[in-house]
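Have a look at the structure below before the remarks.
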Amino acid sequence: MFQIADLKSKKLPELQEIAKGLNVPKYKQLRKLDLVYKILDLQAANPDVVKKLDVEATPAPVEKAPVAEKKEAPKQQRKPNPRPRKTAEKKTEPKENKTNSNKEETNKKEDSPKKEARTPRPKQNDNRNEKSDRSNDKKAKNSQNDKRNDQNGDRNDRNDRNSRNKNQRNNNQNNVPKGNKDTRNRYRDPDFEFDGIIESEGCLDMMPDGYGFLRSSDYNYLASPDDIYVSQSQVRLFGLKTGDTVLGMVRPPKEGEKYFPLIKIIKINGLDPSVVRDRVSFEHLTPLFPDEKFNIAERQSSLSTRIMDLFAPIGKGQRGMIVAQPKTGKTMLLKDIANAIAANNPEVYQLVLLIDERPEEVTDMQRNVDGEVIASTFDKEAHDHVKVANIVLEKAKRMVECGHDVVILLDSITRLARAYNTVQPASGKVLSGGVDANALHKPKRFFGAARNIEGGGSLTIMLPH
């Protein structure tokens, strides 16, 4: 069985031979690491084929052993040969030892003893002396050749060792994990860009620090997971205020961010941002008497709305309060008015605000009224009642600034006044019934915001007492 470390230590030709034996498709076109993983995958799928290949490949290392022994054998036989040497050989030894480093110098010095040995021969010597000299020369040549062979063998051995060490170092360097540098066969998180894919809309709630959040109507404009962060630069650039209905592009939060940030604003209160930037604030608009009435006596009208349209018609920009005894149907009449306005005046934007009501009553209003229903049920705190009422009023004002006709149907202002009274800090002046002197100012401000604007736009508020 092949291990990943063994395969990585092998060279590419050896891996290709293994892949050829395993019938790996297109193994010549693969790189080293790809080939290693292909072999391991094939091994995991067919272990029997790999075992057969191992049995066939086992005799290969046995052939290499005698080759190494042949190289080492002549070293042991040649070392004892130069021991029985004569004086001529001793003279040549220091010259030869000095010239072990450079081959050219050894060749020159080898030629010099030959000439010296031949020139001083006297002509009167006997044939015996000539024969002995010749035999000495032959022995010297043989000893020099032996030394050369020994030196060449040592050099070849050193070169082989050095090459092996280099190969082992390279293999070790290749086997060292390089972190995320080699990403060819590793999975990583894809880089998807979600910027500008999602469009979202919400009502702006400004913070004291200058930035804001787009609150969702699904959570009655209170803090929720769907909040969208609006930066200070965007607020200053487009002149945004609390209550602006903003439609824009959103991107997912990055590391260290908690909210979805707004990256592009498409519309503000249904208009182009360049138009809204130069608007006049609600407090500086000119209020007029109502000059156009709602048609609540035609389609989807009831007998109550027809009689109401006959005796007390409702105009755009009017304040209306329905006063009656408890349990006489004030909320039902308010529901009929809402449906009649939605059917006959589709240009009007309706906001049904339910404060301190029962949850089942909220569900009934959401299912039977064609309009946006914002509720703060009686199980919520008074602080939530006040916050929801304020943001609904601010939203209506911002829409009127942009020329829209808005109707707020509030149920009821009595419970809203109680909530304001609970939240209001004690001033020391208490009116009859335990109501603080300053607590009635905010309900009056809410009801008094209704007006018809010169040049377009109106805010109509209808509520039962």
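Here the Cβ of each residue, glycine as well, is placed from N, Cα and C on the backbone.
For Gly315, Lys316, Gly317, Gln318, Arg319, Gly320, Lys327, Thr328, Gly329, Lys330, Thr331, Met332, Arg358, the entry in TrEMBL reads ATP binding site. Secondary structure at Arg319 (ATP binding site), as computed by DSSP, is strand. Same-chain residues at least 6 positions away in sequence with a Cβ under 8 Å from that of Arg319 (ATP binding site) are, in sequence order, Phe447, Gly448, Ala450, Thr460, Ile461.
Residues or ranges marked as compositional bias 'Basic and acidic residues' by TrEMBL: 66-75 (among others).
The compositional bias 'Basic residues' annotation in TrEMBL covers 76-85.
Residues or ranges marked as compositional bias 'Basic and acidic residues' by TrEMBL: 86-163 (among others).
The compositional bias 'Low complexity' feature in TrEMBL is assigned to 168-178.
Residues or ranges marked as compositional bias 'Basic and acidic residues' in TrEMBL: 179-190 (among others).
According to TrEMBL, the feature domain 'Rho RNA-BD' maps to 197-272. Mean predicted confidence for the domain 'Rho RNA-BD' (197-272): the pLDDT average there is 93.
Taken from TrEMBL, the feature region 'Disordered' applies to 57-190.
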Candidate with sparsest Cβ neighbourhood (10 Å radius) among Gly315, Gly317, the listed binding-site residues: Gly315
DSSP-assigned states of the domain 'Rho RNA-BD' (197-272) in counts, ordered helix, strand, coil: 10 helix, 32 strand, 34 coil
Whole-number Å value of the largest CA-CA distance among Gly315, Lys316, Gly317, Gln318, Arg319, Gly320, Lys327, Thr328, Gly329, Lys330, Thr331, Met332, Arg358, listed as ATP-binding: 30
